[in-house]
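This report concerns only the one structure given below.
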Ligand code: PMP
């Protein structure tokens, strides 16, 4: 039994893996991998996958749900193109992914103003207290910074249209969708396998873009018109997302997932704060409940190899920090059980007993 703390693609519920495997062998007599995306049985999957997102997040009327391709990386471009009105767009720079969104918006000609950044301290906190000009076309931010383990804990209050990259915390906690004009998220954390990218978009913003460059695929108005089937969608990823959303709702929905996630994060941060060997470099009030970043304290840096061997031997995988930050990162996505976090905590405790 492995304990998968990987940052994404990542663990999904075992029952979802089993049902997905079954669908590969038999989806109404065919394999889900060979069925036409225009077959009524797959159209029904797409419809259910869209509806279940609405159900899980209490999406109000007037919003559309789409499954596209290209990952959140293409979401940087798609969100900018669809939300630009030819004026200025505000961005909060909280690290690699937010910087990617800024870069791609500029590439397609959006006039970007970086309103705040946490680059001065290696993106170890969430900027606060910045001004938001009221005439922005939109404000873009990254709700959870997968690499650094920071997360916005409070909803940004503004009358400016909000655009959010929620790749690594969507479905992990309750949100108020009506606060946003556009949400996007790669599937491969809390939603399903890599391949699909989720968009939740306020219908009234569709087609309002002011840009000379708008390829058909990027135009969310067209995607909405075609009910997320403008071209061949990522069939398998959407199918498994549907299975996973069914499971999420059957296990108490996002509210119950949030309670479980709080318990997991609480357990691990408590250990980091009390263990003599380890430390968190993230501002306490901005700590992510999805990606917990920690390091061996400088005076114990020599123990790195020994610690790596210890957690490997305990069946833990995916604990290495992002290549740009080093250290450790435990991703606690929805499907990771509390018992896996307990295994990690026990490993850390025992390691400290032997080495501190
Ligand atoms: N945004 C965030 C917050 C992410 O965590 C990631 C990937 N880990 C991305 C964007 C890029 O996503 P993708 O690989 O789906 O393009």
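From the backbone N, Cα and C atoms, a Cβ is placed for every residue, glycine too.
With 72, 73, 146, 165, 188, 231, 232 listed by TrEMBL as binding pyridoxal 5'-phosphate, the candidate from 97, 311 annotated for that site turns out to be 97.
Screening the recorded positions 97, 146, 189 for a C-beta under 6 A from any atom of ligand 1 leaves 97, 146. For the recorded site, residue 38 (L-glutamate binding site), the DSSP three-state label reads coil. The binding residues for pyridoxal 5'-phosphate are recorded as 72, 73, 97, 146, 165, 188, 231, 232; their greatest pairwise CA distance is 30 Å. Residue 73 (pyridoxal 5'-phosphate binding site) falls within a helical segment according to DSSP.
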